[in-house]
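*Asks:* My questions all concern the structure below.
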Amino acid sequence: MAMPANQTQAGPPYLPQVWSLGGVAKDTPDLAASGAFLGLFILGAAAHMLIHRANKKKGKRFGISHFIFGFCCARISTLVLRILVVKNPTSVGTAIAAQVLILSGVLLLFIVNLIFARRIIRAQHPRLGWHRTVSAGFIALFVLIGATLAATVAVTVLMFYTLNPDTRRAARGVQLYAATFLAVVATLPMLMMLLGVVLPRRTRVDKFGEGRFRTKVLVVLSASMLLSFGAWYRALTSYIDPVPRSEPLPGYFGKAPFYIVIFGVEIVVVWLYFFLRIDKRFRTPDGAKGPGSYAAGQGLTPPKPGSDIIYTELGSVEDQYHRRGAF
């Protein structure tokens, strides 16, 4: 979150030395755009919390709705800070807090989409999806995401407190790694969906939740494509040589890209999850563990390995199970 270029300080925290995505926060158009997205995220938080409470009353646990509520709250805080920066452009502390929230908030959606993708893989290929190595790999990935986030926040704050060229160069290296790694994480669910379809199956789908299985796949693909677009845009523009703030703001760091690739992409995913009722589609039985546990937990016949038939089409295996929704 950039600050005015004509401000100087004798000591830390220092104002940014180069342009970043979004440029300088100004009355026009930042107040209107931030206010609009603020309203959308408030509504999104309320919608997912209502679903969470309704399910809780029915005894149906789906903690991810609460997770998305938390993400919306993080974005509400981010936008409030953005508005405060407009009103007080020399407040470096506010800018630091806003920048940290911008960097960290979207990871919650990345993790949600990874969880959904893992459930689909476990349903399509139970032995692979539930294998100890794969499960350990996901745990390691989540730990690495957390470590990367911590490192990114640390170097981002550090950049406001040092003018040493070597230190700033090292911090930029960490930021480039983090941007690239998180872009790969955002893309991973798409690769998992492709793998799930390409790999031949000798078992029926271990069905979970409601609705068609192919719709679950489309939900994950759609969210992953949107999140990947935003993540790769931020990553690729990070590799461009930094532009000093004494020069004009580059177009790729302008207001439109800032609001589209961050808040625009994220709010679409939030409402996509709401309108397609992920709480129904992606709910799995409590205590599900191991191949066949999804269907068994819903009173369905667990899938058994077939020696003669290889199931490769999503549509064909759906007919083996009860459909609980039109789509």
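Quick reminder: no glycine exception, Cβ is built from N, Cα and C everywhere.
Feature list, courtesy of TrEMBL:
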TRANSMEM  31-51  transmembrane segment
TRANSMEM  63-84  transmembrane segment
TRANSMEM  96-117  transmembrane segment
TRANSMEM  138-162  transmembrane segment
TRANSMEM  174-197  transmembrane segment
TRANSMEM  217-236  transmembrane segment
TRANSMEM  256-276  transmembrane segment
*Asks:* With a cut-off of 8 Å between Cβ atoms, can you find at least three pairs linking the transmembrane segment (31-51) to the transmembrane segment (256-276)? Only pairs 6 or more residues apart in sequence count.
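*Replies:* Answer yes, regions in contact.
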*Asks:* What stretch of 96-117, 138-162, 174-197, 217-236 shows the most Cβ pairs under 8 Å to the transmembrane segment (256-276)?
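*Replies:* It is 217-236 that shares the most Cβ pairs under 8 Å with the transmembrane segment (256-276).
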*Asks:* So which residues does the transmembrane segment (138-162) touch in its own chain, when a touch means Cβ under 8 Å and the partner is 6 or more beyond its ends?
*Replies:* 12-14, 16, 92, 95-96, 99-100, 103-104, 107, 110-111, 114, 118, 168, 170-171, 174-175, 177-178, 181-182, 185
